[in-house]
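Enquirer: Can you read through this structure? Questions will come right after.
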């Protein structure tokens with residue numbers, strides 16, 4: 001046992017070795033890019049869902065592409081789809097029948113999620129007015145000496161009415177985030193060219209160029225367009241988009257025989273199981289193999305790796321912005337024209353007024369937004385509206401019958 005003590009004391013205690021290793025790693029990171037390249041696949045998937053549809057889908061080359069390509073293979077063979085599931089649960093209600101469907105469309109989910117950013121100014125002003133009225137009412141009811149109640153965050157229900165405009169499915173709009181994706185690719189190539197121009201390190205330039213090319217090929221697949229707009233157009237129906245009971249907004253869209261069939265769009269991803277073609281599957285497999293080869297090639301780079309990290313970091317920033325940014329329906333190929341808004345402090349008040357102006361629409365929302373049992377006086381109000389609507393429908397029919405009878409009598413007299 002004692003002979004071990006001299007050997008332990010003879011060992012070199014050198015804390016500078018660890019410091020040197022840290023310095024070398026931060027000065028020139030090794031194998032970091034190859035590790036980062038397998039992170040963030042879900043972000044890439046959402047960015048593609050946001051921007052895909054046209055032949056050029058500017059989702060930048062970033063760290064998550066290898067992970068996404070592997071998950072895409074699983075998706076096209078397992079779920080037979082490329083589009084991810086919507087990240088905002090909502091309902092689509094038929095305005096005539098009241099039939100409720102859970103939404104499975106990415107486009108409709110993002111329309112409902114981002115409604116606060118693209119709602120009409122009239123809706124915003126009406127909502128603000130109702131909230132202020134409710135707040136003032138609560139202030140008047142408080143006891144003397146009590147602090148003012150907090151400002152309500154929402155109140156009642158706002159129903160916004162839109163008409164569909166004529167559109168071409170698969171022709172999304174191009175906004176700032178679209179052009180930012182194109183600019184990101186140019187900036188990435190510029191950064192990758194710096195080490196090549198300084199001391200001839202062309203490896204980073206090649207990795208960046210190949211990565212951008214592979215990302216553009218994946219986004220250009222026609223499968224994206226087929227899945228994203230898997231519905232007919234020109235159907236004359238009305239649909240209601242809402243998050244369900246307790247939500248602040250409901251969006252009513254009248255088709256007017258011009259726009260997309262949003263009801264069919266909402267359910268098509270759930271009922272269509274054979275969207276993915278053989279060509280798509282083969283291309284996705286080939287792209288995945290190429291991404292793996294690119295990952296292996298990137299791990300061989302030992303010099304100027306900070307430039308490669310900068311390229312991937314800028315691409316990841318663009319992916320995050322594209323995946324999370326709010327977009328208008330026009331950017332998804334759906335054109336809507338605002339008509340009016342109905343907003344009242346109570347949900348029942350809003351539904352009654354909607355039903356009075358748009359027969360069938362208010363009652364279609366009743367079971368979802370007001371699931372409780374109706375009071376006797378509420379049932380009377382709904383019955384009165386139904387009677388008035390039936391009478392209004394009978395008037396044109398009666399006038400048509402009278403006109404037809406008058407024409408018949410004239411013919412008899414003439415004969």
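Cβ from N, Cα, C; glycine included.
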Enquirer: Select from 200-222, 223-245, 246-268 the stretch of residues annotated by TrEMBL as transmembrane segment.
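Expert: Based on what TrEMBL states, transmembrane segment spans 200-222.
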Enquirer: Under TrEMBL, the annotation transmembrane segment belongs to which of these stretches: 306-325, 326-345, 346-365?
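Expert: Here TrEMBL associates transmembrane segment with the stretch 306-325.
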Enquirer: Which range is it, out of 157-175, 176-194, 366-384, that shows up in TrEMBL as transmembrane segment?
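Expert: It is 176-194 that TrEMBL annotates as transmembrane segment.
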Enquirer: Have a look at 130-148, 282-300 and point to the one annotated transmembrane segment in TrEMBL.
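Expert: Checking TrEMBL against the ranges 130-148, 282-300, the transmembrane segment one is 282-300.
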Enquirer: Restricting to the same chain and to residues at least six past its boundaries, which positions have a Cβ under 8 Å from a Cβ of the transmembrane segment (200-222)?
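Expert: Distant contacts of the transmembrane segment (200-222): 48, 51-52, 55-61, 65, 69, 72, 82, 185, 188-189, 191-193, 280, 283-284, 287, 290-291, 294, 297-298, 300-301, 303-304, 307-308, 311.
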